[in-house]
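Heads up: the structure comes next, in structure tokens.
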Amino acid sequence: MEAVCGRIRTVPRHRRTLKRPKKRSSPGIELSPATRRQVSGVVQFALGVLILLSLREQAGSAGGAVRTVLTFFFGKWSIIFPSVLIISALLHFFTGEEHFKAKRSAGLVLCLASFLGLMHIGAPIQEIATRKEELGGAIGFLASVPFLLFFSRPVGYTVLGALFFIGIVISFEPNLGAIVQMIRDLTTRREAVRPRPLRAARNEEIKKAKVAEEETDEDLVEQDSDGPELNIVRPAFAQKENKKALAKKIAAEKSERNVKAKIKDILQMKDTRFEEWTFPGLDLLEDAHSELTIDDEELKLQARKIEEKLEEFEIEVTMRDAHPGPTVTQFTLLPAEGVKLSKIENLKDDLALALAAPSLRIQAPIPGKSLVGLEMPNSKRTTVHLREILESPEFTQSTSQLSLPLGRDVGGAAVVTALNDMPHLLIAGATGSGKSVCMNTFLTSLLYQNAPNELKFILIDPKRVELTPYDGIPHLLTPVISESEKALQALRWAVAEMGRRLHRFSDAGARNLDEYNEKQTDEENLLPRIIIVVDELADLMMRQYRRDTETMIARIAQMARAVGMHLIIATQRPSVDVITGLIKANIPTRIAFRTVSAVDSRTILDGIGAEDLLGKGDMLYMTASTPDPVRIQGIFVATKEVERVINAVKIAGGGRITEQIAMAEDEEGEEGEQSLSQPYAQIDLDADDNGGDDLFFEAVKVVQETGKASASLLQRRMSVGYARAAKLLDIMEQKGLIGPVEGAKARKVYIEKMATP
């Protein structure tokens, strides 16, 4: 009862508290679980030794009684009982854990009973009762008698053998599939080393090889039979012996001015018009080669961490190979039967936390293999240089003159592709991820492979920074373009040039540029390849010419492959309003550098993955023929290297641009900065180039005289209907003579003088 403000209030029963006296703990010795396990181990060890002495008749009369009891139950296999006790005690001492729990003990009992039955069932039936102590004891007798009385010995062997293996599975929970695979691997290895069957001889050879290569090959994989069975696959470029052999090869070929010159000699090309051109030398590039410094023990430790972390989540895997690359190391895993790949993929963040890795990428499965790839960043990254890729067999043995060196994959192998196989390329990624260095790598490698008459560039650089150093090389059709209006006009010219080339190919009966050039006897009629490079697509797509830019890029991407024209487009804003569906549909080959989100990665690659990249040239490369993107460490080329190559090309070409394309006049009638020159700038219309309409030349003359292009003007001047006038305007737009419709604005006219028949 409580009195509150003069009132009496009853305290509820559940709020009443009673002080109970504290329970005094009884005096005694409290042992920790670890101490109890150690004491149990000592007791088991002592008991096992005593039983062992009893079986050897060294424990007196009491030991004799123990020996009689054990022999009665276990027969001549009584030694098993003390052996199990001693092994259990040793496990307590060395591991501090209790290994023989209830389930494992039950499995061992089943194994022992079935084993004793198997030892007993082979004796003659008339002797199994009298020879119990010589066979499997009373336990073996009881386990075998039912089969001998009611079945047959084969049935007994089958059932008891099955019970024996069931006991093993219950006790130790082995992976039978992994055991079978291990037996197969051992058999395969034994067959592979059959000429050298002795392990001692093999170890002796390994020691000799290590002594001989101690000074030249410090990264040789040490074969450790006691360590985890992880196969570490070292890339070829990581071995110093290969690097020295490569250096000797370069010294022997130092007089060569071009990596491709030897290939041209081998192919015995009939064109001799490029003999006077001096290609830049490889000595302009830094003579640096990639060297992996990652240790084998570190790889094995990481593999164990991965396996243990997956075991914590009840995912059983077998570690197979480790492929150390310049940026990441790919560990290949073989999941156990019944393990879902999605379960492994969902643990990406947990694995990254356990391994203290900034990010992880899981490739499940690896294309063409029944393995899962886990790509983990290296503690120290290795820089891939341009010169080492230009000297690699993958590049020097390529027959394409548009070979693009990409870098090295996760296994350390050089990756080289051909632009004429793509035939167009889209590059996207966040700022500072490596796009500009990648563009410089491509342009520099193309200058090493092509003379000015073989290859022409149209460089569009709205940022006025990245491509400006190339201004002045003889490979340019026009100085580097930085204004959006002139960039659009360059794309229109490319569309018109594409149409002119298609007409010439049709007249010559050629299907592509190579066939056309082979049929030409006059060198003046040979056509070069043209590569259009756009460094920042977003700047063009965000202005008023967005629709025209998208249309021109799509038209070039659709039809320009056969005529030898290619696009390389880069952007740092991978959004759907820049990389539109129309552009993506026509450019399936893409390179994604690190992005800020998974949404941007889907915009580039139609899938996630680019958000987990590490930056600084780490890329995902996707083509139309590859199901999944390939991870590659891009090439680093320093600015001073690019400048040296550009200066060498300018000196070889006389420091001037040999050919230019025609730019349109602006609305005020002032001439553009670029002048008109042959053979690419002038639009030469013959009598057959009328677009399928006899009034085409008359319509062109009307547009030329008035400086206007409209359907109503053609209707009044030529007395034609609206449909035909609109068709004539469409033909002129296709040929690059006028601009497209811009809403209510009038079409732009790009012609001033024209030769008509």
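Just so it is clear, glycine is given a Cβ too, placed from its N, Cα and C backbone atoms.
Nobody curates TrEMBL annotations by hand; they come from automatic prediction.
TrEMBL lists transmembrane segment at one of the ranges 135-151, 713-729, namely 135-151. In sequence order, E466, D535, A570 make up the list of same-chain residues 6 or more apart from S436 (ATP binding site) whose Cβ falls under 8 Å from its Cβ. When secondary structure is read from DSSP and collapsed to three states, G434 (ATP binding site) falls in the coil class. On its own chain, G429 (ATP binding site) has K435, Q572, P574, I591, A592, F593, R594, T595, I604, A610, M619 as residues at least 6 apart in sequence with a Cβ closer than 8 Å to its own Cβ. Regional average pLDDT for the domain 'FtsK' (412-602) in the model is 90. Neighbour density for G432 (ATP binding site): within 10 A of its CB lie 12 other CB atoms from the protein chains shown. Comparing the binding-site residues T431, S433 on other C-beta atoms within 10 angstroms of each C-beta gives the minimum for T431. In the three-state DSSP scheme, G429 (ATP binding site) is classed as coil.
Long-range Cβ neighbours of G434 (ATP binding site) (same chain, at least 6 residues apart, Cβ-Cβ under 8 Å): F593, G615, K616, G617, D618, M619, G634.
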